[in-house]
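What follows is a set of notes on a single structure, which appears directly below.
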Amino acid sequence: MPNLLSRNPFHGHHNDHHHDRENSSNNPPQLIRSSKSFLNFIGRKQSNDSLRSEKSTDSMKSTTTTTNYTTTNLNNNTHSHSNATSISTNNYNNNYETNHHHNISHGLHDYTSPASPKQTHSMAELKRFFRPSVNKKLSMSQLRSKKHSTHSPPPSKSTSTVNLNNHYRAQHPHGFTDHYAHTQSAIPPSTDSILSLSNNINIYHDDCILAQKYGKLGKLLGSGAGGSVKVLVRPTDGATFAVKEFRPRKPNESVKEYAKKCTAEFCIGSTLHHPNVIETVDVFSDSKQNKYYEVMEYCPIDFFAVVMTGKMSRGEINCCLKQLTEGVKYLHSMGLAHRDLKLDNCVMTSQGILKLIDFGSAVVFRYPFEDGVTMAHGIVGSDPYLAPEVITSTKSYDPQCVDIWSIGIIYCCMVLKRFPWKAPRDSDDNFRLYCMPDDIEHDYVESARHHEELLKERKEKRQRFLNHSDCSAINQQQPAHESNLKTVQNQVPNTPASIQGKSDNKPDIVEEETEENKEDDSNNDKESTPDNDKESTIDIKISKNENKSTVVSANPKKVDADADADCDANGDSNGRVDCKANSDCNDKTDCNANNDCSNESDCNAKVDTNVNTAANANPDMVPQNNPQQQQQQQQQQQQQQQQQQQQHHHHQHQNQDKAHSIASDNKSSQQHRGPHHKKIIHGPYRLLRLLPHASRPIMSRILQVDPKKRATLDDIFNDEWFAAIAACTMDSKNKVIRAPGHHHTLVREENAHLETYKV
């Protein structure tokens with residue numbers, strides 16, 4: 001127990017000894033009031049070590065009593081101590097007579113003042129009471145041992161023993177150096193918390209109270225460096241809580257340091273109240289203060305397991321991103337930074353409300369009535385989520401920027417289902433390539449705007465296609481022979497139109513989709529409902545026929561970006577992408593384009609054969625002509641068949657020659673590139689290309705390596721895409737407000753395995 005208060009709490013100057021001598025005279029003034037103990041002032045019983053004891057009004061009685069106490073400790077040598085009594089009494093009277101006039105001339109008003117403690121020292125001594133002493137702490141057993149070893153009472157400055165102390169110092173000069181070490185504290189030692197005098201938090205120092213109030217601890221939910229979390233069901237009402245059991249106290253760690261670390265998290269969490277921040281309820285410790293328990297709100301859904309299912313829709317991902325950012329914004333408004341944001345420190349309720357947990361690494365960056373930002377220091381957090389400045393500028397960094405970087409990494413994990421890199425260090429190839437400048441400059445804002453226009457066009461064409469399909473369903477009710485006759489009559493005279501119609505209806509080879517269309521199709525698949533499945537399939541058919549025109553109409557930068565995106569769609573985690581598929585696709589499309597443009601006669605022959613087959617299938621449909629006309633038609637058909645066979649052999653040789661030339665070109669390119677024929681993409685685009693177009697403008701700023709260029713929370717909330725996100729939340733009465741357009745994925749552990757639900 002620290003020495004919080006000395007025996008004379010309101011007398012700290014050497015000149016006060018003169019007043020002590022005067023107050024203990026044989027004829028004390030009548031105006032003197034014997035004050036109560038300081039401990040009586042704070043609600044305790046009166047102490048024998050009070051400022052001016054009521055029992056010490058007579059100086060001779062007090063001196064005799066103190067001398068008798070000294071005599072008892074000195075082997076009951078009454079003769080020698082009676083002499084000491086006479087000496088001390090004579091010295092006392094002489095000092096009183098010689099100094100009485102001197103004290104009155106200085107205007108001292110100890111006699112006339114009705115208040116016993118000095119007004120100039122009351123507040124300072126009160127603060128000293130609440131501040132732990134720096135001196136060495138001694139237990140009661142040590143104090144008693146020192147008393148018996150020196151055979152004398154502890155030195156004191158009380159009014160009844162001043163001369164005895166002077167006499168004791170004359171005989172034992174070495175004893176005065178250890179005055180504060182021998183001084184007994186005015187507050188007796190207690191087994192209560194060491195924080196009970198300086199903190200208003202009521203900490204239960206008995207883990208039995210935890211079991212009585214909340215019940216016994218249940219199964220383990222998770223564990224980490226700071227401790228483990230277990231579930232707890234209160235037997236009285238069946239309410240479920242999560243109890244965090246902090247790590248045990250280390251052998252070289254003091255009780256005060258351990259209590260400070262454990263209670264700091266509780267002090268932070270108990271003051272935070274937000275829909276996206278976990279509620280902290282209570283705190284306990286065992287009798288020896290070697291363990292602490294924190295009672296919190298229970299959320300049954302593990303957010304990390306939800307992300308790893310890969311079943312989150314785009315709307316659900318955006319909703320979780322906004323909820324996460326709302327929680328971080330609230331923390332920053334309170335002057336706190338989390339510094340350990342990650343998927344593991346996010347939990348969800350059964351209604352899809354995301355909450356932040358674990359404030360063990362939180363730090364205060366803005367104090368009340370201060371505008372400046374207090375920099376943080378130290379490497380705190382998990383490696384994949386760390387900001388680069390935490391490693392490069394360990395001694396001083398802005399913790400707000402660290403939280404914003406972690407938000408961007410969490411969003412990448414939700415979209416990609418993997419980490420962008422293991423740690424933001426130069427030794428990590430992924431991060432090193434990310435820090436390099438882009439191979440081609442990318443305008444993410446313009447790309448997002450163009451992509452939005454493309455989506456609008458596709459929606460309009462999808463609607464037109466649906467209307468056309470309805471009309472075609474009506475036309476199918478007509479006789480089949482009439483429709484076939486019309487197609488024959490329309491295709492025979494105008495062969496280029498028939499070629500165009502054939503290519504529009506049944507293209508031989510379809511170009512591969514660009515990254516935009518792939519993302520859109522995947523998004524539509526994820527966000528589609530049973531009512532919209534037909535629209536999604538129609539959308540895919542339309543996009544396949546329009547890729548060439550959209551790529552050509554795009555900006556040059558956008559074209560390069562899309563080309564890189566096509567080339568990187570199947571890349572591995574290192575960003576090395578096989579471009580062979582892309583080159584093969586381009587070669588095939590070139591060959592098909594040449595074949596479609598140059599082989600009109602071949603296509604005409606195919607059309608004629610189709611007409612003949614239709615005529616043979618339905619002989620009644622062929623108009624009745626003269627025998628001469630029939631012979632001429634048969635001759636023309638034979639000639640066309642011969643030409644078709646010749647051209648077919650000719651084009652086979654041409655295609656073989658082209659195939660050999662393409663193979664030789666590929667071999668030469670592979671030899672020129674070396675054994676690794678994969679393209680490596682440099683710069684932030686290697687990561688941003690995998691994210692949705694609409695999110696790239698703000699994500700490119702959130703994931704800025706330089707913290708000075710990184711986006712702030714105001715920039716995030718002012719972003720057009722982020723502001724348009726509809727997120728679920730709760731009102732003041734804890735009622736869930738669901739956002740439209742998406743469902744939340746829930747993962748529960750049932751029957752020893754995980755079950756996935758949608759709410």
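Numbering starts at 1 and runs along the chain as displayed.
Placed from the backbone N, Cα and C atoms, the Cβ positions cover glycine too.
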Can you find which of LYS244, LYS250 Swiss-Prot lists as binding ATP at the same site as LEU221, GLY222, SER223, GLY224, ALA225, GLY226, GLY227, SER228, VAL229?
LYS244
If you check Swiss-Prot, which of SER350, SER382, SER700, SER732 turns up marked as phosphoserine?
SER382
In Swiss-Prot, the member of SER47, SER145, SER498, SER573 to which phosphoserine is assigned:
SER498
Which candidate, of SER37, SER133, SER198, SER469, Swiss-Prot gives the annotation phosphoserine:
SER37
Select, from SER141, SER193, SER285, SER472, the one residue given the annotation phosphoserine by Swiss-Prot.
SER472
Neighbour-count leader, CB within 10 A, binding-site residues: LEU221, ALA225, VAL229:
VAL229
What three-state class does DSSP give SER472 (phosphoserine)?
helix
Shortest C-alpha distance to SER382 (phosphoserine) - which of the recorded positions ALA225, VAL229, ASP340:
ASP340
Nearest-integer angstrom distance between the alpha carbons (Cα) of ASP340 (active site, proton acceptor) and SER223 (ATP binding site):
15
Considering the recorded positions SER223, SER382, SER472, which residue's Cβ sits among the greatest number of other Cβ atoms within 10 Å?
SER382
Where SER223 (ATP binding site) falls in three-state DSSP terms:
strand
Is VAL229 (ATP binding site) helix, strand or coil when read with DSSP?
strand
Rounded Cα separation (Å) that holds between SER223 (ATP binding site) and SER472 (phosphoserine):
63
Using the centroid of the Cβ atoms of LEU221, GLY222, SER223, GLY224, ALA225, GLY226, GLY227, SER228, VAL229, LYS244 as reference, list every other same-chain residue with Cβ within 8 Å of it (recorded ATP site), in sequence order.
GLU245
Would you mind giving the whole-number mean pLDDT across the domain 'Protein kinase' (215-722)?
74
